[in-house]
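Participant: Sharing a structure here in structure tokens format.
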Amino acid sequence: TSGELALVILALRACQNSDESVTYFHLVNQLEEKFQKEIENMGVHDGNPLTNYYQLSLDVLTLCLFNGSYSITEVKKYFSPENKNFYFGGQFSVDTGAMAVLALTCVKRSIQNNGEDLQDISHYIESLVKKILSEKKRNGLIGNTYSTGEAMQVSQRLTQEIEDQEFPACKTALKRDFVKMQTLSSPSGHAQILPALMGKTYLDVNNVSSCASGPGHLNISIHEPIPVEPTISSTWISVNYTVQINETFFTKVTVPKGSVFLNVMEEAQKINQTAFRFKYVESSWGPYIISVQGLEENHNDRTYWQLLSGGEPVTQGVGRYVVHNGENLEVRWSKY
């Protein structure tokens, strides 16, 4: 996808040794083409991109950093803070907003004259930052663990006043959760969290100091849990599993202790192929559900399959969310 290509370009540059010569022209050229297809799709399908606004923001950020071609007029048109694509189920998406701020910050720096474009982009940044800060929780996180990492990247490129007032508790919470989630999180998840803990942002990839020049200073103590042999009675758990479309399909599923959401779906499919069949694709975040009962997600219609536990969205992917005995799991046909 366009966003995946953007991340590849950013990663290659961030870890490039000073004595290496790498040509990015062809990769940036491909990204320009993919970005244009996103824009064209938005023109035809009510402002909906082929992927999502997180990836669209990554595209703009990368094209800006690598002197690629993009239209400031289109950026102004599609990155208005009130755009529906910053919201999922009526909830502001912190990581999407944060990535947009990073992209808009780069665009702002590239504007030569102090005219209307500069004023509009500055206003967008200010408005998005306010929305991001409004999502701060009592535990110190902004949104969830992953989005907090990107919100902190925003803080490191804005005024010291904002950073001093709002973000120390966020960094403490982020370190705490990072230690807990290291074994459960994907490389993509780490990529959203680690830059903030290192005091870096995606905007720094063109700086001389790169990840190839050293690991930096990140002091996080990790205590490996002592494995405990389970008794026979505790090696299996039972969970309730529901598929919700226009009607509800329910079953009880027994799986080994330590199973993930995907294992439950696989067992349910064995019980009733018609009601619980599904398809998934591998993504940078791990398995991703694209179809249940033959009904596929559609970016143009803004539809997708939402994973829930106890009626609340799960915070990890289908291949990483560990289920517990008696849990009420649900896959729901949803619109964002």
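Glycine too: its Cβ is placed from the backbone N, Cα and C atoms.
According to TrEMBL, the protein has these features:
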BINDING   THR51, ASN52, TYR53, TYR54, GLN55, ASP95, ASN144, GLN192, TYR288, ILE289, TRP305, GLN306, LEU307, TYR336  cyanocob(III)alamin binding site
DISULFID  CYS15-CYS211  disulfide bond
DISULFID  CYS64-CYS106  disulfide bond
DOMAIN    258-335  domain 'Transcobalamin-like C-terminal'
Participant: Can you figure out which of CYS15, CYS64, CYS106 (the disulfide-bonded residues) comes closest in space to THR51 (cyanocob(III)alamin binding site), comparing Cα atoms?
Facilitator: CYS64
Participant: Comparing the binding-site residues THR51, GLN55, ASN144, which residue's C-beta has the most other C-beta atoms within 10 angstroms in this structure?
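Facilitator: Within the set of binding-site residues, the most crowded position is GLN55.
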Participant: Work through the recorded positions one by one (CYS15, LEU307) and point out the residue whose CB has the fewest other CB atoms within 10 angstroms.
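Facilitator: If we count Cβ atoms within 10 Å for the recorded positions CYS15, LEU307, the smallest count is at CYS15.
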Participant: Would you mind splitting the domain 'Transcobalamin-like C-terminal' (258-335) into helix, strand and coil residue counts from DSSP?
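Facilitator: Tallying H, G and I as helix, E and B as strand, the rest coil: 15 helix, 35 strand, 28 coil.
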Participant: Give me the Cα-Cα distance between ASN144 (cyanocob(III)alamin binding site) and CYS64 (disulfide bond), rounded to a whole Å.
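Facilitator: About 28 Å separate the Cα atoms of these two residues.
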Participant: Between C-alpha atoms, which of these binding-site residues comes nearest to CYS64 (disulfide bond): TYR53, GLN55, TRP305, LEU307?
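Facilitator: Closest recorded candidate to CYS64 (disulfide bond) by Cα: GLN55.
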Participant: DSSP secondary structure for THR51 (cyanocob(III)alamin binding site), reduced to helix/strand/coil, please.
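Facilitator: DSSP call for THR51 (cyanocob(III)alamin binding site): coil, neither helix nor strand.
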Participant: List nothing but the largest Cα to Cα distance in Å, as a whole number, among the residues THR51, ASN52, TYR53, TYR54, GLN55, ASP95, ASN144, GLN192, TYR288, ILE289, TRP305, GLN306, LEU307, TYR336 that the record says bind cyanocob(III)alamin.
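Facilitator: If we measure all Cα pairs in THR51, ASN52, TYR53, TYR54, GLN55, ASP95, ASN144, GLN192, TYR288, ILE289, TRP305, GLN306, LEU307, TYR336, the largest is 23 Å.
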Participant: Among TYR53, TYR288, all listed as binding-site residues, which has the most CB atoms within 10 Å of its CB?
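Facilitator: Going through TYR53, TYR288 one by one, the largest Cβ count within 10 Å is at TYR53.
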